[in-house]
Amino acid sequence: MLFKDEMLRCYLIGGSQDTHHDPAEFLTKVEAAMQAGITAFQYREKGTSTLSKAETLALGQQVQELATKYGVPLFVDDDLELAAAIQADGIHVGQKDQWIEEVLAAVGDQLMVGYSCNTAAQVAHANQLAVDYIGTGPVFPTISKDDAGSALGVDGLADFVEQSVHPVVAIGGISLDNAGATLTSGCAGLSMISMVLGADDVAGTVKKILELY
Ligand code: 3NM
């Protein structure tokens, strides 16, 4: 699948740890979000996830079926083997994950590749690489990642957007209250976990994000 900047507009991230460790609730919410029009989904079993490797694969296969049904580009966080096993469209690589150069050499021709950048030096490094997009944050304090570091704020994000040759998807603490302000940074889109997976009205929340464009 060819990468398009529009894929970053409403980019949902999540795994079973983000829905009270309940895979059924996770799938229900992911399906509602896909049906409502999220522009990409990243499957991420991480942090406090309690799933075994086999359970992660089985849930990933169900996510892949939903992504195919709703035509949503599917990324996998930091696991090339899993990405291949569920025929994902892309891989997202963090600074503490596998070396981005190795991932690009292995699958850069076959998969879309995203890369997390949290400092100006990391953005400068990404500018030298053939990644499709960078994820930059945390823009605001987040409850979803223990080691996310201090918040950049919208001005810090805007500096990175200006510096980056790649489209930037903003991440970290994005809510309906700050989404509009975040977009003033010039970022290509918004990625989120808790705003959508923690919402009672998943579809309504996704639609409100899409209406910002
Ligand atoms: N990466 P929420 S912040 C997965 O700053 C992730 O790189 C971050 O979750 C980074 O939308 C984050 O619930 C968690 O704040 C985002």
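Using the three backbone atoms N, Cα and C, a Cβ is placed for every residue, glycine included.
Values in this document were obtained by computation on a predicted structure and should not be read as measured data.
Listed by TrEMBL as binding 4-amino-2-methyl-5-(diphosphooxymethyl)pyrimidine are Gln42, Tyr43, Arg44, Glu45, Lys46, Asp77, Ser116; the candidate from Lys4, Lys29, Lys145 that the record includes in that site is Lys145. Among the binding-site residues Gln42, Tyr43, Glu45, Lys46, Ser116, Lys145, the residues whose Cβ sits under 6 Å from any atom of ligand 1 are Ser116, Lys145. Per-site Cβ counts within 10 Å over the binding-site residues Arg44, Lys46, Lys145 peak at Arg44. For the binding-site residues Arg44, Ser116, Lys145, a Cα-Cα cutoff of 10 angstroms around Asp78 (Mg(2+) binding site) retains Arg44. Sorted by the number of other CB atoms within 10 A, the binding-site residues Glu45, Asp77, Asp78, Asp97 start with Asp97, the lowest.
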